[in-house]
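A.B. asks: If you scroll down you'll find the structure; I have some questions about it.
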Amino acid sequence: MTAAALQIAITTGEPAGVGPELTVQALQDAARRWPDAQFTVLGDAALLDARAAAVGADRAVLAGGPVSVQHHPLAAPAHAGTLDAANGRYVLALLDAAIDGALAGRYDAIVTAPLQKSTINDAGVPFTGHTEYLAERTHTPRVVMMLAGTGERPLRVALATTHLPLKDVSAALTIDGLVDTLAIIDRDLRRDFGLAAPRILVTGLNPHAGENGYLGREEIDVIAPALARASERGIDARGPYPADTLFQPRYLAGADCVLAMFHDQGLPVLKYATFGEGINVTLGLPIIRTSVDHGTALDLAGTGRADPGSMVAALDTAVTMARHRRAS
């Protein structure tokens with residue numbers, strides 16, 4: 001008996017940005033790349049058609065085969081590169097439809113194109129970001145943002161804190177919180193990435209990982225105790241290591257993931273190494289969610305100059321994760 005196709009939902013994000021065109025471009029070879037998957041594109045059908053034409057992509061990919069379009073009408077006409085708060089709720093409606101479908105079991109994974117946070121806020125809806133919204137909608141108390149490269153041994157970087165001002169990071173780090181974060185990373189790398197024994201390297205917070213307390217005590221008072229407790233739970237998490245030396249091949253060779261303490265500690269290295277083909281994964285959710293690792297790129301929208309590599313990688317990772325989860 002042939003297994004049922006994996007069902008992947010794609011939200012096309014901010015209509016003035018590159019999301020609609022990158023979605024169509026990334027799906028050009030979908031039947032060959034992902035023969036066991038079906039893709040549902042959530043967005044305005046006319047917008048997708050127009051943006052595909054603008055960048056020279058084959059619009060026929062949206063008309064059958066492994067790809068279908070779930071039409072959601074724009075609230076106002078969309079023009080490449082020009083934001084309109086009238087479409088803020090449209091963007092959120094796409095995300096809600098994908099989340100609802102995944103929670104109901106209709107989708108095995110969702111892939112999100114970039115959105116503009118300001119547009120949603122300007123529409124009167126308080127919105128911090130995809131990650132926080134997904135956690136709220138799925139009633140998940142703790143999620144973990146992880147960005148990753150591609151290839152046989154990809155660099156993966158997870159974050160202990162996400163969109164926080166730097167002055168608030170230290171207070172946000174707790175022993176229990178770090179243990180929970182490490183447990184989520186360990187579980188999801190096993191279940192959704194097929195890793196039998198994940199190894200996680202953990203950065204310190206302070207320069208030189210605190211220099212034995214002379215440059216800060218978070219490593220001694222919070223991070224090291226969290227690592228000890230995680231070890232008692234069978235989690236292979238090592239550190240804390242100075243972040244300025246950890247990201248070297250000789251350290252990363254045996255690592256499956258790096259846990260950084262804050263956003264701009266871990267992500268610049270990863271984006272430098274992978275930009276254009278990196279992806280974002282939200283760990284800890286009851287559903288699978290991946291996305292591109294870049295923003296709306298308003299200046300590139302409709303020009304054909306935006307690179308679909310990250311969207312292809314996000315789709316590929318979503319399919320891979322869905323295969324593992326279905327088999328688990």
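Cβ coordinates are placed from backbone N, Cα and C, and glycine is handled just like the others.
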A.B. asks: Swiss-Prot has HIS163, HIS208 down as binding divalent metal cation; which of HIS79, HIS263, HIS294 does it also list for that site?
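C.D. replies: Answer, per Swiss-Prot (divalent metal cation site with HIS163, HIS208), from HIS79, HIS263, HIS294: HIS263.
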A.B. asks: Across all the protein chains here, work out how many other Cβ atoms are within 10 Å of the Cβ of HIS163 (divalent metal cation binding site).
C.D. replies: 13
A.B. asks: Three states by DSSP: which one describes ARG289 (substrate binding site)?
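C.D. replies: Assignment for ARG289 (substrate binding site) reads strand.
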A.B. asks: Can you check which residues sit near THR131 (substrate binding site), meaning Cβ under 8 Å from its Cβ, same chain, 6 or more apart in sequence, and list them in order?
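C.D. replies: Expected: VAL143, MET145, THR162, HIS163, THR282.
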A.B. asks: If I take the alpha carbons of HIS263 (divalent metal cation binding site) and LYS271 (substrate binding site), what is the distance between them in whole Å?
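C.D. replies: Their Cα atoms are separated by 12 Å.
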A.B. asks: Report the same-chain neighbours of HIS208 (divalent metal cation binding site): residues 6+ apart in sequence with Cβ closer than 8 Å to its Cβ, ordered by sequence.
C.D. replies: LEU215, PRO242, ASP244
